[in-house]
Amino acid sequence: IMGSSRWKVAAAAFLAILGSLLPVDADEHEHTYTDKEEVVLWMNTVGPYHNRQETYKYFSLPFCAGSKKTISHYHETLGEALQGVELEFSGLDIKFKDEVMQTTYCEIDLDKAKKDAFVYAIKNHYWYQMYIDDLPIWGIVGEADENGDDHYLWTYKKLEIGFNGNRIVDVNLTSEGKVKLVPNTKIPMSYSVKWKKSDVKFEDRFDKYLDPSFFQHRIHWFSIFNSFMMVIFLVGLVSMILMRTLRKDYARYSKEEEMDDMDRDLGDEYGWKQVHGDVFRPSSHPLIFSSLIGSGCQIFSVSLIVIIVAMVEDLYTERGSMLSTAIFVYAATSPVNGYFGGSLYAKQGGRRWIKQMFIGAFMIPAMVCGTAFFINFIAIYYHASRAIPFGTMVAVCCICFFVILPLNLVGTILGRNLSGQPNFPCRVNAVPRPIPEKKWFMEPAVIVCLGGILPFGSIFIEMYFIFTSFWAYKIYYVYGFMMLVLVILCIVTVCVTIVCTYFLLNAEDYRWQWTSFLSAASTAVYVYMYSFYYYFFKTKMYGLFQTSFYFGYMAVFSTALGIMCGAVGYMGTSAFVRKIYTNVKID
């Protein structure tokens, strides 16, 4: 059964991901059992405790399997395949409510090579993971004595399974039977199964894996409250400054309208009104810029929808369900990318709209797949379970070409036809206005570097909890906090970019499009810098595989976050710029 074609697995995963927003159950059962019905113990992965992302197949270590060879059926979702879930049948015969006394299921014929493999695993604190009815179970491979000279293997798996009615609600593993590793000996492996009634409801069976003391600690609540107060202060400050300053600007410009030409020429003209003929000039590199804005809007849509679904459906209870849902939602929201990217490119007078559509559609998938395939080669070299099967790669490529691209085309056509007209409140001058010299802190490069500090400050505590849930043994489940942080991040980003743009325009520099995008996107630079601190001070990772895996996927995460923040900042700033130039009288 484990030798089934990966092509069939990929095809089944592809159909499953397109068939429903919510992933199907990852187990072969409906989570309900009759007495004496088969219960499957899946062996998943084994790897060092200090890095949960470096995992290998359970039977890559010289463990032995039970005598049972066949089970009902098994299928794998796309999210599981991409996350390196490698379920292999343990061969143990377990039946619902049928207790098993200590029974030897196989023997390990320990030669020197097998002994060295176990010794290496014990020295590096290898743990293994198993599943029963989707419930994860962890066990340690073995331990060394105090001097580190002798190494011992745990040989007895003592399973205690709790049931409520016809459902499994709890699983506990106790490792016993410590046996010293001596070459050229036989080591018997045994197991036992004990069933007990439990009052735990099926809906609450994952609560034991959560860590409320970590995620709902007062520091977490304080960080949310602190960010919320910063938002109130920042919004109030921005509103007060801009309303008061803009009122003075409007009054001054209205007074200038009443002057005759001689007085206006002698007057000291300055400010954002002077660049009204250039402020709506197309940005440099409009094709790339519009593709980035479209991709950022799509990432924001995906983040919002996935967080809402996670809040409603508790996606953490199913293997790979979060990733499967994110892939499906990303594919389904492709029209958002095409609509915003295509309409912006049309407004800026772009003519190569098909090229823009392709770049917008494949920008994020190419970045993610390129990084994943690079890390995949390293994972294959290390024989890690994180290596993505070829059939899964084909399934992902099929989603890109046959789902994302057509939907992006639909969105692009709609965007160009519905909102692709350049209906700017001011005419664009034929000749660009020269940009006057200004103080160094008004330069776009300086504004870009400083623009991401406040948005990063509003989310960096939440980044610690997200990093810990991904790189350590924590299940992230407080998606209400994540939703609040996303809202706070968007508000802070828009406020900061509006202020930066106002100062830039007031200095008569009309290059606000890229400045607003990059000043918001610079948040990603600070997040990536924080990931270096987290790697060296909060993890115990080492080696090429762990380092490349960490920094590769952190680069993808930071880049996607930066593109999303940049798009949000630009969209808010664009509305602000259009508003102020609509309300002022232009000759």
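Cβ from N, Cα, C; glycine included.
Feature annotations, courtesy of TrEMBL:
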SIGNAL    1-26  signal peptide
TRANSMEM  221-243  transmembrane segment
TRANSMEM  287-311  transmembrane segment
TRANSMEM  323-346  transmembrane segment
TRANSMEM  358-382  transmembrane segment
TRANSMEM  388-410  transmembrane segment
TRANSMEM  445-467  transmembrane segment
TRANSMEM  479-505  transmembrane segment
TRANSMEM  517-537  transmembrane segment
TRANSMEM  549-571  transmembrane segment
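Counted over residue pairs 6 or more apart, the CB atoms of the transmembrane segment (358-382) and the transmembrane segment (221-243) come under 8 Å in fewer than three pairs, which marks the two as apart. Sequence-distant contacts of the transmembrane segment (479-505), counting only residues of its own chain at least 6 positions beyond either end whose CB sits under 8 Å from a CB of the stretch, comprise 215, 220, 224, 227-228, 230-231, 234-235, 238, 241-242, 245, 272, 275, 279, 300, 303-304, 307-308, 310-311, 442, 444, 447, 450-451, 454-455, 458-459, 462, 465-466, 511-512, 515-516, 519-520, 523, 565, 568-570, 572-573, 576-577.
The stretch in closest packing with the transmembrane segment (517-537), judged by the count of Cβ pairs under 8 Å and taken from 221-243, 287-311, 323-346, 445-467, 549-571, is 549-571. Same-chain neighbours of the transmembrane segment (445-467): 214-215, 219-220, 223-224, 227, 230-231, 234, 476, 478, 481-482, 485, 488-489, 492-493, 496-497, 500, 503-504, 515, 518-527, 530-531, 534, 538, 565, 569, counting only residues six or more beyond its ends whose CB sits under 8 Å from a CB of the stretch. Counting Cβ pairs under 8 Å to the transmembrane segment (549-571), the top-ranked stretch among 287-311, 323-346, 388-410 is 287-311.
Beyond the transmembrane segment (323-346), the same-chain residues lying 6 or more positions past its ends with a Cβ under 8 Å from any Cβ of the stretch are 16-18, 21-23, 77-79, 82-83, 286-287, 289-291, 293-295, 297-298, 301-302, 305-306, 309-310, 315, 353, 356-357, 360-361, 364, 396, 399, 403-405, 407-416, 418-422, 567.
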